[in-house]
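The block underneath contains the structure these notes are about, expressed in structure tokens.
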Amino acid sequence: MSQEKYIMAIDQGTTSSRAIIFNKKGEKVSSSQKEFTQIFPQAGWVEHNANEIWNSVQSVIAGAFIESGVKPNQIEAIGITNQRETTVVWDKNTGLPIYNAIVWQSRQTAPLAEQLKSQGYVEKFHEKTGLIIDAYFSATKVRWILDHVEGAQERAEKGELLFGTIDTWLVWKLTDGAAHVTDYSNAARTMLYNIKELKWDDEILEILNIPKAMLPEVRSNSEIYGKTAPFHFYGGEVPISGMAGDQQAALFGQLAFEPGMVKNTYGTGSFIIMNTGEEMQLSENNLLTTIGYGINGKVYYALEGSIFIAGSAIQWLRDGLRMVENSPESEKYALNSHNNDEVYVVPAFTGLGAPYWDQNARGSVFGLTRGTSKEDFIKATLQSIAYQVRDIIDTMQVDAKTAIQVLKVDGGAAMNNFLMQFQADILGIDIARAKNLETTALGAAFLAGLSVGYWKDLDELRTLNETGELFEPSMNESRKEQLYKGWKKAVKATQVFAEIDD
């Protein structure tokens, strides 16, 4: 065993950190996971302690070594993937954050975002960054920290403070301050990065009064950014050579290397990303334009659609309504439903995401009769996830002017066979479920391994994460369109009800 080499992926998520060791076949050798504290200072605010995140990462690195018996000198390279947009500002000399990390979900900077919109910057920001102006992205979070921590603006202008998303923070810590870098995919989510010119945008920085000296250097997704300081990696000096935001890492882990390839991660929400190739395409229908990844001197762009409620709708059945004991049980109930699919659940618990962007909408149910059973209700909830995915896939095809032939899927709810079959039916295309559902961590490992020659090229990677199961559509066209028309009616009625509430 002592001669075998491995790749370690660090997957720093919203609620936990994980370290996974992969072998040459792309198989998981061991993993370790640690949750950390969610901080809610006020309603709608979400923060993390950046030092606690760093401690959790150190803990899972140790855990992965202990579980596997792999030694630090057997790790050929490290790949990092992370919760995107979450913002850290720290003191360059002490290495201490000057405020908590402001998390992507946090709405504390919404007034700043509204101010930018009212000043007429929507189109300018969209053309430069591919994003809509929103508190979701890092730009307003940096501005908020500089405004609310005494003396921060002045210190930033003197070059005493550094900004980074979580990838940047972890590389800076692992290298003991030797590398202050980010990658294309994370930079593209800051709302400060010009994704066409591939540079920090001076005009946006001026509008927000953010000193350029704070910003990390932007690098490709697969290159050596630095080496671990031996005292942070149990004596090992290992290259950190792959980085990507979590959804882009999943795109890469799903081997979606060709333009037109699309992946959907069924997590708490659902994130659908299409590789659009080397040409940047601005969405005309409220999807986000972003960078998928950049390797070998080329940058590949992507369109992204976000669904707020996917797997969490099944959690609601379990925890809120107590209709199921556990999430996998929903499949059994759905298969035992014998109604004619006339019940529609619109799970707009926190509004509707793409392509509607209706924050006032709330959850609703249509088509109930005296004969409606628990099984019917559970089935309708699962179907709502598939209908929302169709909303985005239809929009993507219009934006990209291309027909999507197959949808690559991963994430927890992708294990639900009923949902996957209904997804294939309502889209009318094949659903390819990855054999290895650890696609986010695998994507980071692939990027790291390519850079150091652990894997030779994309062709070698294509042999590693084959499709586990293919779901083919079996519903006839008229039935499919009749069901989808009912969904569109249900969404419209939900939005009308929200208007009446005003």
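Here the Cβ of each residue, glycine as well, is placed from N, Cα and C on the backbone.
If you take the C-beta of G412 (ATP binding site) and look for same-chain residues 6 or more apart in sequence within under 8 angstroms, you find Y266, G267, G311, S327, L437. The ATP binding site annotation in Swiss-Prot covers T14, T15, S16, T268, G311, Q315, G412.
If you look up Swiss-Prot, you'll see T14, R84, E85, Y136, D246 marked as sn-glycerol 3-phosphate binding site. T14 (ATP binding site) falls within neither a helix nor a strand when secondary structure is assigned with DSSP, and so counts as coil.
For T14, R18, T268, G311, G412, N416, the entry in Swiss-Prot reads ADP binding site. Mapped onto three states, the DSSP output places N416 (ADP binding site) in coil. Using a 10 Å Cβ-Cβ cutoff, N416 (ADP binding site) registers 21 neighbours.
Taken from Swiss-Prot, the feature glycerol binding site applies to R84, E85, Y136, D246, Q247. With a 10 A radius on its CB, D246 (sn-glycerol 3-phosphate binding site) counts 26 other CB atoms from all the protein chains.
Neighbour count (other Cβ atoms within 10 Å of the Cβ, all protein chains): 17 for H232 (phosphohistidine). Sequence annotations record features per position, and here Swiss-Prot assigns phosphohistidine to H232.
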Checking the binding-site residues T14, T15, R84, Q315, N416, which are within 10 Å of Q247 (glycerol binding site) at the Cα level?
R84
Cα distance, D246 (sn-glycerol 3-phosphate binding site) to S16 (ATP binding site), nearest Å?
13
Greatest CA-CA distance (Å) over the residues T14, R84, E85, Y136, D246 that the record ties to sn-glycerol 3-phosphate?
15
Looking at the recorded positions listed here (R18, H232, N416), whose Cα lies nearest to that of Q315 (ATP binding site)?
N416
Per DSSP, R84 (sn-glycerol 3-phosphate binding site) is which: helix, strand or coil?
coil
How big is the gap, in Å, between the Cα of T268 (ATP binding site) and that of R84 (sn-glycerol 3-phosphate binding site), rounded to a whole number?
15
Sequence-distant neighbours of T14 (ATP binding site) in its chain (C-beta under 8 A, six or more apart)
Q83, T86, V103, W104, Q105
If you tally other C-beta atoms within 10 angstroms for each of the binding-site residues T15, S16, Q247, T268, Q315, the top scorer is Q247
